[in-house]
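Asks: Under the heading region 'Disordered', TrEMBL lists 51-88. Annotated compositional bias 'Low complexity' per TrEMBL: 55-67, in sequence order. Per TrEMBL, the feature compositional bias 'Basic and acidic residues' maps to 70-81. Annotation comment: TrEMBL describes 210, 230-233, 298-300, 304, 360-363, 540, 551-552 as substrate binding site. For 226, 228, 457, the entry in TrEMBL reads Mg(2+) binding site. Annotation source TrEMBL lists ATP binding site at 226, 399, 453-462, 464, 489-492, 515, 542, 548. Sequence annotations record features per position, and here TrEMBL assigns domain 'Glutathione synthase substrate-binding' to 288-396.
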């Protein structure tokens, strides 16, 4: 969803028709807030970018893991270093201003833009009220071993979500109490129940996911914040930020002493476009279109258009002239008004058959202001169109399911490979139900170590600090069932480092922290897995004084990774 920073850290603050698209081709036990100390280390196999050895200054963000053989490897790498990381405290202010100017030019001519919220029509009319997306001027340092870890587990998480989505009994049982107290989740589950009763099966299943992580400074563990299964945003603009930073590092190589090859190639937009196009091919109706479900006002429309529009100067040449698919953009209300379900299950919107439905809306209660939107969601779910996500994929990405999967022996219900299970578990932060009286008691006494999360997406919904204690005490006093609407999560404390943040054409230095999102694409037709890949990343950075985050929500900036 997209744009939420989903931070569990202690500590923002920036932001808040058809096209011929694509390119042609016919309570687990808890010890010191870390339940994972005894897990076996994983073997990393993700392809390594061009090897450039660099050393890190004390100001670089996110130091590498400090134990075992990998630490020795990183130490050796540092000893061989020929190019030091820049000390951001000592960069010439005039140089920063020159780079900021060049960055603004680059964003303007390459489409790294969003709608300006001060311009009323900017969320409805393309080209009106454009402003550069909020960005970091320079990439954020990140340990290569943890980068590889996040990339390696992406296909495993893709497979896990697919298998969880097929277990209707598990979804219904796990969310049964949440349904009683959360009206939004209840409506989603009603649609899911109806599909189960009707025996509706999605033979072709498409998932475009983003798994978000923070690197805990104290334990040096890469811990998952959440996995987004609906509207995982910024594959387009996120890919562009990586290109921007690579361009700046090349242009100012002598002054900065940084090597652009340490920024991983980011082909998220290509991976998502390829998955959508392959799903369209599997639907086997050349007249069908791909439908983007969008919000009524969408200032982040350009991120979406990067998936569906052919640009002659594109930084992503794979997109051009590769597929021949038409896309349309519709709101939920428009789908309700124009949609018709044919006897064979084909969904017509207007006079166009829908082959693939890609949700960039529908993840929050505000997307359903009336019954019209709920009728549209049910209509789409009843159709034969490929949904991204289906209702079961949507539910599989909820916070409650995340917490259930973290319980002992639950992963074994869905995965057979013990190594895969160990790798997944190593990423789990502490996650608990509010039924766990010992954890609730500890959270009341030490609220600064917990985050209280509702079943909401998009940023700005979590409860932190003393508000955790107040909320838990209120629930205890009321004796209500409302606690089923929340989970408790271990609070993650990432490294804080200086960085330069840009918003509204202004660049300023602040202390910040980052969250890494890894995109994954999964496509299965019956038993045939057509695509299961890690396909890019999203780095989001926010000032360290903030709890919440989210680029579109106004709390964070887009960033990229500099491997060390």
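Please read every residue number as a count from 1 along the shown chain.
The backbone N, Cα and C atoms fix where each Cβ goes, glycine too.
Mind mapping these onto the model and telling me what they sit next to?
Replies: Its own atom aside, the Cβ of residue 304 (substrate binding site) has 22 Cβ atoms within 10 angstroms in the protein chains shown.
Within 10 Å of the C-beta of residue 228 (Mg(2+) binding site) there are 26 other C-beta atoms, taking all protein chains into account.
Mean model confidence for the domain 'Glutathione synthase substrate-binding' (288-396) is a pLDDT of 89.
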Asks: Do you see any of the binding-site residues 210, 299, 304, 361, 454, 464 whose C-alpha is within 10 Å of residue 226 (Mg(2+) binding site), and which ones?
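Replies: Cα filter at 10 Å returns 210.
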Asks: Can you count the other CB atoms that lie within 10 A of the CB of residue 363 (substrate binding site)?
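Replies: If we count other Cβ atoms within 10 Å of residue 363 (substrate binding site), we arrive at 26.
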Asks: I'd like to know which of the binding-site residues 210, 299, 491, 542 has the most other Cβ atoms within 10 Å of its Cβ.
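Replies: Buried the deepest by this measure is 542.
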Asks: If I take the Cα of residue 542 (ATP binding site) as reference, which of the binding-site residues 228, 233, 299, 304, 361 has the closest Cα?
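Replies: Result: the closest of the binding-site residues to residue 542 (ATP binding site) is 233.
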Asks: Taking Cα atoms as reference points, rank the binding-site residues 228, 231, 233, 299 by distance from residue 491 (ATP binding site) and give the first.
Replies: 228
